[in-house]
Amino acid sequence: MAKAVMMLPVLLSFLLLPFSSMALTQDFCVADLTCSDTPAGYPCKASVGAGDFAYHGLAAAGNTSNLIKAAVTPAFVGQFPGVNGLGISAARLDIAVGGVVPLHTHPAASELLFVTQGTVAAGFITSSSNTVYTRTLYAGDIMVFPQGLLHYQYNAGQSAAVALVAFSGPNPGLQITDYALFANNLPSAIVEKVTFLDDAQVKKLKSVLGGSG
């Protein structure tokens, strides 16, 4: 019995091997995007060049001509295969005057926001006590948002704001609370019950955000 107990950690280690990243056992593992993603990331490309480790997609401003007047340009594993297995990714955030990134979460990564232009008001809410931490950020300032916590950013200035964002995972995921509640086909009667909003308010928000039901 004692011997069996001692063998358990070894057996568990072997079971977990398929879910560990190849980048942990070799220098890197540039994603082969022609293959399917797995819990351990994408399989490695057979042939790799210097271009796999550089990405130029964040040089141009995103299109902020939309409802929230903001745009996120990602450099996740799907756009930048070189980050596969490294536990990192990046993005560019553009927020026009009056723009906002509504309350949202990244279920698979923490976020580090670095403001390069303009003024950004930002904050997050803790999961247990609902404590709110807010800050107004200027060019050169940074703020961290812990993984999975609700947070927001909005332009608090009179000119366009730009920020570079780093994530602690190759594909951080995104769920915007407003869209999750009102841009779907969940029946309005249920939304009313779970949000304490009345029928008119729910239908208005569903109409604005493209929901149905």
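Yeah, the Cβs are placed from backbone N, Cα and C, and that goes for glycine too.
What Swiss-Prot records for 1-23 is signal peptide, and it gives experimental evidence as the kind of evidence.
Residues or ranges marked as disulfide bond in Swiss-Prot: Cys29-Cys44. Look at Cys44 (disulfide bond): DSSP puts it in a strand. Its own atom aside, the Cβ of Cys44 (disulfide bond) has 19 Cβ atoms within 10 angstroms in the protein chains shown.
The annotation domain 'Cupin type-1' is assigned in Swiss-Prot to 56-203.
The N-linked glycosylation site annotation in Swiss-Prot covers Asn63, and the record cites sequence analysis as its basis. Long-range Cβ proximity for Asn63 (N-linked glycosylation site), meaning a same-chain Cβ under 8 A and a gap of 6 or more residues, is found for Ala71.
Under the heading Mn(2+) binding site, Swiss-Prot lists His104, His106, Glu111, His151, citing similarity to another entry as support. Reduced to three states, the DSSP call for His151 (Mn(2+) binding site) is strand.
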Least surrounded among the binding-site residues, given as His104, His106, His151, when other CB atoms within 10 Å are counted: His104
Per DSSP, three-state class assigned to Glu111 (Mn(2+) binding site): strand
Helix-strand-coil residue split for the domain 'Cupin type-1' (56-203), DSSP-based: 22 helix, 59 strand, 67 coil
